[in-house]
Amino acid sequence: MSSLLLFNDKSRALQADIVAVQSQVVYGSVGNSIAVPAIKQNGLNVFAVPTVLLSNTPHYDTFYGGAIPDEWFSGYLRALQERDALRQLRAVTTGYMGTASQIKILAEWLTALRKDHPDLLIMVDPVIGDIDSGIYVKPDLPEAYRQYLLPLAQGITPNIFELEILTGKDCRDLDSAIAAAKSLLSDTLKWVVITSASGNEENQEMQVVVVSADSVNVISHSRVKTDLKGTGDLFCAQLISGLLKGKALTDAVHRAGLRVLEVMRYTQQHESDELILPPLAEA
């Protein structure tokens, strides 16, 4: 068979369930470097679109790389359509974005994509910062999230700090965090999963709160003391996998949290500074 036929017969195009748009590292387990293997462990196909490409996270003594140029980034997205690789697409997830212009490019691509995929699940992890570090992305990214991605998302997964930035509301107690999350809900944005709500410090618990228009569910997990990076990226990968495998939202959140705890403990047992995925036991 000629190479011309092999690479131009679109009926042969590789298909994916998920397009994951976020950071990638050469060394380490953050962004798509942890999300892609986690999604594949769940038996789903995924295309990874990088927003930044780094040697490793900046927490090490040295790191190299940076944001993907807009021309490349838009080309990566466009190529998936040119290859006719999105016929079976079910979800798009976003994580760490390198620039506000990437967010705008992505939003334009998603808007066009939804015309052919009206049931597409768009899940946004609005990576902005955290309480300990403050904002650790470019200062124009929060407004870009508000303007371009939140209006397209069906679900978002902010931590408490990110929820405060997106809403401009104080969220340091559970009731105020829930109220802030509800203020973001719309005809499009159906749910908010708050990934670091106030937990019980004495009982070493942390809480994840699932907020929708008609329900609020608080899920408590054991708190694991760790400096491991990429746990939020892993959580989102597990969450989207659970949803696509037919789990209800709250159940998918609960299972995702348990999987993250399992991975963290497994990693600690192996004395690694980077997350290690153990085999996935099918529940």
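Cβ atoms here come from the backbone N, Cα and C positions, even for glycine.
Taken from Swiss-Prot, the feature substrate binding site applies to Ser23, His59, Asp233. Summarising the annotation, Swiss-Prot assigns ATP binding site to Asp125, Thr157, Glu162, Thr195, His221, Ser222, Arg223, Val224, Thr231 and lists sequence analysis as the type of evidence. Among the features that Swiss-Prot reports, Mg(2+) binding site is placed at Tyr136, Glu162, with the record citing sequence analysis.
Within 10 Å of the Cβ of Thr231 (ATP binding site) there are 21 other Cβ atoms, across all protein chains.
The candidate set comprises the binding-site residues Ser23, His59, Tyr136. Of these, Ser23 has the most other Cβ atoms within 10 Å. In this structure the residues listed as binding substrate are Ser23, His59, Asp233; their two most distant Cα atoms lie 16 Å apart. Those same-chain residues not listed among Ser23, His59, Asp233 yet with C-beta within 8 angstroms of the centroid of the substrate site C-beta atoms are Val25, Gly28, Val30, Gly31, Ser33, Thr57, Tyr96, Lys229, Gly230. The secondary structure of Ser23 (substrate binding site), as reduced to three states from DSSP, is extended strand. Across the fold, the C-alpha of His221 (ATP binding site) and the C-alpha of Asp233 (substrate binding site) stand 17 Å from each other.
Annotated pair Asp125 (ATP binding site) and Asp233 (substrate binding site), C-alpha to C-alpha distance, rounded: 8 Å. Each residue contributes its Cα atom, and for Glu162 (ATP binding site) and Tyr136 (Mg(2+) binding site) these two points are 11 Å apart. Take the CB of Arg223 (ATP binding site) and look out to 10 A: across all protein chains shown you find 15 other CB atoms. Looking only at Cα atoms, His59 (substrate binding site) sits nearest to Tyr136 among the binding-site residues Tyr136, Arg223, Thr231. Taking a C-beta cut-off of under 8 angstroms and a sequence separation of 6 or more, Asp233 (substrate binding site) has the following same-chain neighbours: Gln22, Val30, Gly31, Asn32, Ile34, Ala35, Gly95, Tyr96, Asp125. Within 10 Å of the Cβ of Glu162 (ATP binding site) there are 25 other Cβ atoms, across all protein chains. Between Arg223 (ATP binding site) and Ser23 (substrate binding site), the C-alpha separation comes to 26 Å. Cβ neighbour count for His221 (ATP binding site) (all protein chains, 10 Å cutoff from its Cβ): 16.
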